[in-house]
Amino acid sequence: MTLPVPDTIRAADGAEAQIYAQGAHLIRWRSASGAEPLFLSQRSAFTAGTAIRGGVPVIFPQFAAEGPLTKHGFARTAVWQRQPDNEPGAACWQLRDSAATRAAWPHAFWCELRLRIGGERLDVALSVHNPGDQALRFTAALHTYLRVDDIGAARLHGLQQHRYRDSAHGGIERVDADESLAIVGEVDRIYFDTPAALRLSQPGGALRIEQQGFCDTVVWNPGPAKGAALADLEPDGDRHLLCVEAAVVGRPVSLAPGAHWQGSQTLIIGG
Ligand SMILES: O=P(O)(O)OC[C@H]1O[C@@H](O)[C@H](O)[C@@H](O)[C@@H]1O
């Protein structure tokens, strides 16, 4: 079944965003100046129950295959409920446990995804609350797909001297020695305890990527071979995307009954 039309959020200065209720999935962000920094594959299925290849998938309660659940958890394909808005350029969706989520993951929880746009800035915040009487343990990510003009000319700055797990090479752990990260072939790395701000530079301009609450950062590009094997990615799509994911993976969150956790990612064009 094709997804219903996504909601459009508008700020007073002309910034605009489109979000599907499925996954509270931001698929498009146009800044006030007209820049569109997010990648979205036109070959995405856009059908109920299928993950979308692009934008900002919300990964919860399990990152990748870091546990027994379906890859990347169920939040990205669950239908979230939009909450009443009280200001232009901002919106909030909520996901609560249901019979379907409890069948996969037997816990009471509620999540909120808050979005704010304006000027050249996007803020996305995920919060998780534990209303139950047992501790909740989860991993999570904002799996942001950034659009790049040419992956060969893009550089990610800020990860030097940080430890990472190289998922594209058997999960070996290394320390990044390079001043900036250039993407050559498949790159699939979980960087641990990363700085609060990274910078993506390209000949066309720079993007500042901030995160709070999320202690790790995942950097992913499928490279040409795995990219060609992804049915929902257009030919050469790997040359035009770079995922820089605010994540919490290395030390899963443990939420006591009644406790609350929040993590956010901010993109600032030109930063
Ligand atoms: O194809 P999916 O399920 O959306 O996952 C995409 C990628 O997501 C990244 O976060 C993982 O590190 C990769 O290993 C994975 O391939």
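From the backbone N, Cα and C atoms, a Cβ is placed for every residue, glycine too.
The number of other CB atoms found within 10 A of the CB of His143 (active site), across every protein chain shown, is 25. What TrEMBL records for His143 (among others) is active site.
The active site annotation in TrEMBL covers Glu245 (among others). Neighbour list (Glu245 (active site), Cβ cut-off 8 Å, at least 6 residues apart, same chain): Ile59, Ala141, Leu142, His143, Thr144, Thr217, Val218, Val219, Trp220.
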